[in-house]
Amino acid sequence: MARPERIAVLGAGSWGTTFAKVLADAGNDVVLWARRAEVAEAINGSRRNAGYLPDVRLPESLRATDDAAAAVHDADVVVLAVPSQTLRENLAGWQPLLPADATLVSLAKGVELSTLKRMSEVIAEVADVPMEQVAVVSGPNLAKEIAAEQPTATVVACADHDRAIALQHACSTRYFRPYTNTDLIGIEIAGACKNVIALACGMAVGLGFGHNTMSSLITRGLAETTRLGVALGADPMTFAGLAGLGDLVATCMSPLSRNRTFGERLGRGETLAQAQEAAHGQVSEGVKSCSSIRQLAARHGVEMPITDVVHRVCHEGLQPGPAAAELLGRERKPE
Ligand SMILES: NC(=O)C1=CN([C@@H]2O[C@H](COP(=O)(O)OP(=O)(O)OC[C@H]3O[C@@H](n4cnc5c(N)ncnc54)[C@H](O)[C@@H]3O)[C@@H](O)[C@H]2O)C=CC1
Ligand SMILES: O=C(CO)COP(=O)(O)O
C-alpha cells in the first residue's frame, strides 16, 4: 500500500491537534476539523490552539476547518480524535462523507457505556466498514509532551498489517516512533483500563500516599487489565508493551494526565462535580469507562477490584480512604 498523503483529523482537542501536528511534521497533507469555527480560524491565522495547547506553534502546512465534508474529502486516512462516549454520535454524522477505502483511525481510549464496545468495534459498525479498515494509535502519549517534540514511542494497531505499516510510515517523525501491532483487543483494553488505574493512582496521591502505593496500584492494575484482555481474546504480551505498561506508567505517574489529576482531586476530598468543573471540559475518560469496564468484566466473570472501587468512588459515594482500606483488606492470595 502506498504511503498515505491526504489525512483528515476530526477533533481539535489536545490529542487531535497534537497528532495532526505529528502527521504534518511527517510530511503529509493534513486538515484538522474543529467543532468551533473560531478555533479553526485561530489555527489558520495565528498557528495556535489556545484553549488546549497555548504554548505550541503549529506547523504552517497544517490547515484547519470547521467543515467536516471539506476535511475528509479525498482523504486516505481519517483520524477520529473525539471522546469515546461521543464517538458513535460524531461518526454517524460523518459516515456519509467518508471516502470508501479510507483507513479510519481511533485515538480514543475508552469503552462505550451503552454497548460495552471497544472504539474499533463502534467505528466498524457505524462506518459500516470491515475491521481491517480500522486502526488504533495508543501508547505513552501525553499530548503536551509530544506537542513540545519530546521523544516518545507508540503503537499503531490494525488487523491489516499492510495498513498498519502505511500508517506507521505516515506518523513517523524524529520525535515520534510508532511500532506496529495486530492485537486490537489488547491495545484498546489496555488504553481504556489505564485511565481507570490512573484515577486510582491520583486518589492515592490526593490521600498523601507515595511511590510504593503507586507502584502497587500500577502492578495490580496491570494484572486486572491483563485478566480482562485475555478473557476477551487479547495476546497477554501486549500488556507488557508500549500501549500496556508503557501508557499505564506514563499516565499514572504524570501530573499532566487528566485522569490522574481528576483522581487526585477526589483523593483530596473534592466531589465528582467539583473535579469535573476543574477539568474545564477536557475529557477524563476513566470516569465513565470505569463503569463500562466493570460491566464488561462482570459479563466475562473477571475480577477487577481496583476498577470496582474506582467506579464506586466516582458513582456510588464511596470515599477514597475507605476504598484504599477495602483494597488492602481483601482476601489474601498468591500473586
Ligand atoms: N490528551 C492526551 O494526551 C491523549 C488523549 N487521548 C485520547 O484521545 C481522545 C480525545 O482526547 P483529547 O483530544 O485529549 O480530548 P479533549 O477533551 O482535549 O478534546 C476533545 C475534542 O473532541 C471534540 N468533540 C467533538 N464532539 C464532542 C462532543 N459531543 N462532546 C465533547 N467533545 C466533543 C471537542 O471539541 C474537542 O476538540 C480521548 O479518548 C483521550 O483518552 C489519547 C492519547 C493522549
Ligand atoms: O492517554 C494519555 C496518555 O497516553 C492521556 O492521558 P489523560 O487522558 O489522563 O491525560
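Here the Cβ of each residue, glycine as well, is placed from N, Cα and C on the backbone.
TrEMBL: automatically predicted annotations, no manual curation.
Annotation source TrEMBL lists active site, proton acceptor at Lys194. In the three-state DSSP scheme, Lys194 (active site, proton acceptor) is classed as helix.
Note: Arg258 (NAD(+) binding site) has non-local neighbours Ala279, Gln282, Val283, Ser284, i.e. same-chain residues 6+ apart with C-beta under 8 A of its own C-beta. Summarising the annotation, TrEMBL assigns NAD(+) binding site to Gly11, Ala12, Gly13, Ser14, Trp15, Gly16, Ala143, Arg258.
Sequence annotations record features per position, and here TrEMBL assigns NADPH binding site to Ser14, Trp15, Arg35, Arg36, Tyr52, Lys109, Ala143, Arg258, Val283, Glu285. Sequence-distant contacts of Ala143 (NAD(+) binding site), defined by Cβ-Cβ distance under 8 angstroms and a gap of at least six in the same chain, are Ser14, Trp15, Thr17, Thr18, Tyr52, Leu53. In the three-state DSSP reading, Ala143 (NAD(+) binding site) counts as helix.
Residues or ranges marked as sn-glycerol 3-phosphate binding site in TrEMBL: Lys109, Gly139, Lys194, Asp247, Ser257, Arg258, Asn259. Sequence-distant contacts (6 or more apart, same chain, Cβ under 8 Å) of Lys109 (sn-glycerol 3-phosphate binding site) comprise Ser84, Met119, Ser138, Glu188, Gly191, Ala192, Lys194, Asn195, Glu285, Ser289. In the three-state DSSP scheme, Lys109 (sn-glycerol 3-phosphate binding site) falls into the coil class.
Under DSSP, Arg258 (NAD(+) binding site) is assigned to a helix (H, G or I) in the three-state scheme. Residues annotated as substrate binding site in TrEMBL: Lys109, Arg258, Asn259.
The domain 'Glycerol-3-phosphate dehydrogenase NAD-dependent N-terminal' feature in TrEMBL is assigned to 7-162. Model confidence over the domain 'Glycerol-3-phosphate dehydrogenase NAD-dependent N-terminal' (7-162) stands at 98, taken as the mean pLDDT rounded to a whole number.
Sequence annotations record features per position, and here TrEMBL assigns domain 'Glycerol-3-phosphate dehydrogenase NAD-dependent C-terminal' to 183-321.
Sequence-distant neighbours of Asp247 (sn-glycerol 3-phosphate binding site) (same chain, six or more apart, CB under 8 Å from its CB) are Ser138, Gly139, Pro140, Asn141, Ala190, Gly191, Lys194, listed in sequence order. Each of the recorded positions Arg35, Lys194 was scored by other CB atoms within 10 A of its CB, and the lowest score goes to Arg35. Within its own chain, Asn259 (sn-glycerol 3-phosphate binding site) has Asn195, Val196, Ala198, Leu199, Gly202, Thr251, Ser284, Glu285, Gly286, Val287 as residues 6 or more apart in sequence whose C-beta sits under 8 angstroms from its own. DSSP places the residues of the domain 'Glycerol-3-phosphate dehydrogenase NAD-dependent C-terminal' (183-321) in helix, strand and coil in these numbers: 106 helix, 0 strand, 33 coil. On a Cα basis, Gly11 (NAD(+) binding site) lies 7 Å away from Arg35 (NADPH binding site).
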